[in-house]
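Undergrad: Here's a structure for you.
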Amino acid sequence: MSEKPEKIVLASGNAGKLEEFGNLFKPYSITVLPQSAFGIPECPEPYPTFVENALAKARHAAKYSGLPALADDSGICAAALNGAPGIHSARYAGDNPKSDTANNLKLAAELVGKADKSCCYVCVLVFVRHKDDPRPIIAEGVWHGQWNDTPLGQNGFGYDPYFYLPEHGKTAAELDTEVKNRESHRAQALAELLRKLAL
């Protein structure tokens, strides 16, 4: 990338994601601002893939903010459920209101009795320099784990308390922040994005 932006807008209202991306970009002296700082309305996510939804959100945020924008579309995919909840992870149990607890309970109920508890977190990041960027930068990270029937840990959000990592003997919510920032699906996708941005 020819010049490094000082500020980018994150196309999300999720406080957990904002903190995570803020920490990951800090070493590069790039400030990550929430789209709420610009009064950006929520972008529809009508598409069946992580890539299409992330691209729509990035263009939407760049249009309203006038800044380069980063969007992520991410979710958990359970092998026994053919990849569900997938793109529906954030609203798996509905919208009234969105709730991590309700989402976790729904997925836990659907995995009861399933022999295959393997699942993965997927993160697709899309960076656009401006709203009409003809060459968006796309990166993907996949973090493999197992569904844990009992929630463990406080250091995380979303499905983290149930996402068990056999190599650590812990759930994602039990990992130290430093480890999570190095190994998570978002960290993997961001590492690929940073390589492509040549920061």
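A Cβ is built for glycine as well, from the same backbone N, Cα and C atoms used for every other residue.
The following feature annotations were taken from Swiss-Prot:
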- Ser12, Gly13, Asn14, Ala15, Gly16, Lys17, Ser74, Phe157, Gly158, Tyr159, Asp160, Lys180, His185, Arg186: substrate binding site (BINDING)
- Asp73: active site, proton acceptor (ACT_SITE)
- Asp73: Mg(2+) binding site (BINDING)
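Give me the local environment of each listed feature.
TA: All chains included, 24 other C-beta atoms sit within 10 angstroms of the C-beta of Ser12 (substrate binding site).
Its Cβ placed at the centre, Asp73 (active site, proton acceptor) has 27 other Cβ atoms within 10 Å. Under the three-state DSSP scheme, Asp73 (active site, proton acceptor) falls in the strand class.
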Undergrad: Would you give the longest CA-CA distance, in whole angstrom, between residues of Ser12, Gly13, Asn14, Ala15, Gly16, Lys17, Ser74, Phe157, Gly158, Tyr159, Asp160, Lys180, His185, Arg186, the set recorded as binding substrate?
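TA: Farthest-apart Cα atoms in Ser12, Gly13, Asn14, Ala15, Gly16, Lys17, Ser74, Phe157, Gly158, Tyr159, Asp160, Lys180, His185, Arg186 are separated by 21 Å.
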Undergrad: Non-local Cβ contacts of His185 (substrate binding site) (under 8 Å, 6 or more apart, same chain)?
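TA: In sequence order, Ser74, Cys120, Tyr121, Val122, Cys123, Gly141, Val142, Trp143 meet the Cβ cut-off.
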Undergrad: Measuring Cα to Cα, how many Å separate Asp160 (substrate binding site) from Asp73 (active site, proton acceptor)?
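TA: Their Cα atoms are separated by 16 Å.
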Undergrad: Give me the count of other Cβ atoms within 10 A of the Cβ belonging to Gly16 (substrate binding site).
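TA: 13, counting other Cβ atoms within 10 Å of Gly16 (substrate binding site).
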Undergrad: If I take the alpha carbons of Ser12 (substrate binding site) and Asp73 (active site, proton acceptor), what is the distance between them in whole Å?
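TA: About 9 Å separates the two Cα atoms.
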